[in-house]
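Engineer: Below you will find the structure I want to go over with you.
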Amino acid sequence: LAVGLTVGSADAAKREKFGVDKRHEEFKRVKVATSSEKFNWKMVMPWSKGLLFYDVAVHFADSVRLASGGRLDIKVFSADELVPAMQSFDAVSKGSAQVGHDWPGYWKGKNEAFVAYASVPFGLDGEGYNIWMQEKGGTELMQELYGQFGLYALPGGQLGQEMGLFSNKRATKMEDFKGMRVRTVGWYMDILNKLGASVSPLPGGEVYLALERGVIDAAEFSSPAMNYPMGFDEITKFAIQPGVHQPGIQCALFFNMDAWNKLPDDLKWIVKIAAAETNAWSYNWINALNADAIKMFKEKIEIVQMDEATVIEFRKVTKAYVDELKAKYPDVKKAMDSQEAFQEEFAIWREARGGATPWPYETFISGKTHE
Amino acid sequence: MLSKIAKGIDTFSTKQGEFTSMLIIPLLGVVLYEVLMRYGFNSPTIWGFEMTGFLYGMHYMFGISYTDVRGGHVRVDIFTALAPKKVQAAIGALTTLVLFMPVMICMTVASGKYAWTSIQALERNSTSWQPPIYPIKMVMALCFFFLLLQGFSNLIKDLQILFSKEER
Amino acid sequence: MSPEIMTVAMFASLIVAITFGHPLAYTLAAVATLFGLIDNGWNVPALFDMFANNTYGLMENYVLVAIPLFILMAQLLDRSKVSDELFESLYVVLGGLKGGLGLAVVVVCTVFAATTGIVGASVVAMGLLATPALMKKNYQMEMSAGVICAAGTLGILIPPSIMMVVYGGLTGMKETSVGNLFAAAILPGLLLSGLYFAYILIRCNINPKLGPPISKEEASKYSTAKKIMMTLKSLIPPMALILAVMGTILAGVATPTEAAALGAFGALILAVVSRKFSWQVMKESAYATMSTTAMVMMLFVGGKFFSTVFLSMGGGDVVADVLIGSGLNRYVVLIIMMAIVFVMGMFIDWAAILLVTVPIFMPIAMELEFNPLWFSMLMCVNLQTSFLTPPFGYALFYFKGVAPEGYTIGHVYRGILPFVFLQVLGLAILFFFPSIVTYLPELFFGPS
Ligand code: NA
Ligand code: NA
């Protein structure tokens, strides 16, 4: 800003560049040396090999190895190879592995605020997380939280919106959800319970059979591309849209602080750049696949939209629920206040740019100009 | 003296195992209740699955020292079974010292530290019910300690056979 | 040390270490510790923090909850003596045939295999009940031992089965979920049962001295109608239990884990109805359940440490590189994997083999594009065989433990050999006809 003012004073009428790349400002006079020490790291995660999340983690490890010419070699272990899925956090925190990949919401039991960096019902979407994390202090807040556990963290994958419930009951109106037996987890479980559904946090491995045999009526798992191999479309009739419970799946990479501090500067930068590259790549990759997956789902099941009044009711209950959490947990309040402030700030641009949704020509001229 | 300690440990392992073996009853009860509530009354609990998991986890952890004192841990003793009793005792003492003790001492310490981290954070499960999980981690540390104790008892008993006057 | 040398050294150390007769679970943990420390540069806290993580992970593994429940079910069932009645009816129904009592053992064991998830119970129950009857009728001792051991181990294959629970919990794949494994194991279990049946019938008809029929008068003690009634009546309890377990899974009432609880509850009711229940019985069942559960789970813990360290030091890649990178035909690779499991089965307990080999072999099978369910079922039949293969075969020890005076381990070893051959034959049939494995899962749960 100071730079802008001094140069700007020459001609008050003319405006200068509006933004600044902070990294360039900081490093334009810094010499970077190539280190020679070689590091072998282990990476753990809650993902089995069949999940696309695993591929996102592998992408990061590959990027680091390629960019560092093998000086930082990260060996990837899927869930249960080194430690059980839900123990990845502790394993990295204690140094049994140097790096982990996650969906931060899994660590809700350690601090409720982790969910805010993962996905919030009716919260930030992919674009929102990307901007909030990079420009609005989201990453710093996240690093503060992971820092409480001896970890350094970076955004490590933005996988866009999830799809709604796979269901054998057609549900579009509020009363359809009353008494519906649903499998989901986390904040959304409490929200659906408040809305009158009977929600069960069935363990992931039991979902398919439970849904197939009618133990439950409906279940959500993840985004279309993630869900496709699970074959839920073989055993259900409807997909109830939209996936309001997770408008944007944010993943994180987290590093054992000692291991991170031992890295020379050039490798630290390689890691940071590879993380950013993974975050960007994953969004494009998954969303291209999502479209293909939804197309195939549509051949088997009916895609049903909740009606507007119902979605609004869901939104209201969610707001009340999140406010309760904010009152209870200071770290949740810090994160959610920041996210909500960003949502407010950004609304003016969202409003102004609306109506140019890149629908196909025929769709657009039929009058459907908004998403 | 030593044989009294060994006997005391054995009795303790047996009694605590017999007592905690009853965890199977609430375990059975909770699972049946969950099925009944979900299938019969369409109102599954939010705590059933986790409760089941905790009961099962504690059940088997409490069982490890009990199973040891009962000689229930499977072993490949087809080679050693033929040896004279003193040789068997010598091998038993040696394997307990070399294979068992270092691992179980470290496991007791590590699981103690693991529980302590959890206690300090009053850690809860990452679920809707969010029960505290530090008590479960404490049970884990405690049970490794019980197993370690049982190992000491086994060592004492083997050494006593080894150094007894009786010719066998 | 290179991963190749470490891999070989780790397995070699395990083989040497187990011969000392120390409990297998602790031995696995000790070998894992040694190699884990070599691998991570003697960082003791890091290794044991990882082990603590792994142990806690097992403590909250929901799928494994079925293990104590299935064991409890078997304990209660064993004490309510419901298998006695079925054997007594079949004694007169089938006894008149050459080898008929052997056939009765096969039928009883097959029926009860569908109600119990473990092996010990059937072998012990039949060993106590049928062996004296078989000896009295001059059945060849080897033949008697063989049929009881082999048929008694069907319990671990025919669902419900804790082996499938462990397997499903280990892979965490949809294709090899416990429900799928249960469905897939039904026909292979019946196939083996059929092989035993045919073998006894053929052998005893060729050489009636092996299994002479019971006398005409003993066989005609009851009228045909009466015999049929007796048999049907004695089939009611096991059928009720089969319904409680497999029925509730298929009807959508319960998940496989919950079905285990329903089965245990059913066995409890049976014990009450048959007036065999008392607080003493409950206590003894609880004690035995805890002991068996902790035995399996401690092996799980030790096996987990072993496979964790093995994978951590790159051993999985080494084995995969050797097996896949060698350019061998994929079926040859499969046969090699099966042979490894078979040979391990001669010395090590099934759970330890499963826990050590599945994390290494399953990815290889996936990479070679074998049907995961079919591959898993070959593994399971192979592991059932491990109960029977000398020198270290559980079923053989159980049988020897309860067999009447005069039985030596030699009789048992000789008696089991033809049945081990039948196991290998069964495995070969499954190898050539994969639909025996995949037919029922597809019928019940749709094509995967
Ligand atoms: Na069975
Ligand atoms: Na064997």
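Cβ from N, Cα, C; glycine included.
Taken from TrEMBL, the feature domain 'TRAP C4-dicarboxylate transport system permease DctM subunit' applies to C:11-435. Taken from TrEMBL, the feature transmembrane segment covers C:12-38, C:58-77, C:89-113, C:119-135, C:147-170, C:182-202, C:235-253, C:287-311, C:331-361, C:373-399, C:419-440.
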Engineer: Quickly jot the same-chain residues contacting the transmembrane segment (C:119-135) by Cβ under 8 Å, restricted to those at least six beyond its ends, or write none.
Structural biologist: 74-75, 77-78, 83-84, 87, 91, 101-102, 104-105, 108-109, 112-113, 141, 144-145, 148-149, 151-156, 292, 387, 394-395, 398-399, 401-404, 407
Engineer: With Cβ-Cβ distances below 8 Å as the criterion, list the same-chain residues six or more beyond the ends of the transmembrane segment (C:331-361) that contact it, or say none.
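Structural biologist: Result: 15, 18, 24-25, 28, 156, 163, 166-167, 170-171, 296, 299-300, 302-304, 306-307, 310-311, 315-316, 319-320, 323-324, 368, 370, 375, 378-379, 382-387, 389-394, 427.
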Engineer: Over the domain 'TRAP C4-dicarboxylate transport system permease DctM subunit' (C:11-435), what is the model's average pLDDT?
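Structural biologist: That region's mean pLDDT is 88.
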Engineer: Is it true that the transmembrane segment (C:182-202) and the transmembrane segment (C:419-440) have 3 or more Cβ pairs under 8 Å, skipping pairs fewer than 6 apart in sequence?
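Structural biologist: Answer yes: the transmembrane segment (C:182-202) meets the transmembrane segment (C:419-440) with 3 or more Cβ pairs below 8 Å.
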Engineer: The transmembrane segment (C:419-440): which same-chain residues, six or more beyond its ends, come within Cβ distance under 8 Å?
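Structural biologist: Here the qualifying positions are 146-147, 149-150, 183-184, 186-188, 191-192, 195-196, 199, 338, 371, 373-374, 377-378, 381-382, 384-385, 388-389.
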Engineer: Who are the long-range neighbours of the transmembrane segment (C:58-77) in its own chain, taking Cβ under 8 Å and residues 6 or more past its ends?
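Structural biologist: Hits for the transmembrane segment (C:58-77): 83, 112, 115-118, 120-121, 155, 160-162, 165-166, 168-169, 178, 241, 256-257, 259-261, 263-264, 266-268, 270-271, 281, 284-286, 288-290, 292-293, 296-297, 300-301, 304.
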Engineer: Near the transmembrane segment (C:373-399), which residues from the same chain, at least 6 beyond its ends, have a CB less than 8 A from one of its CBs?
Structural biologist: 119-120, 123-124, 127, 145, 148-150, 152-154, 156-157, 163-164, 167, 171, 175-176, 180-181, 184-185, 188, 192, 334, 338, 341-342, 344-350, 353-354, 357-358, 361-362, 365, 409, 412-413, 416, 419-420, 423-424, 426-427, 430-431, 434, 437-438, 441, 448
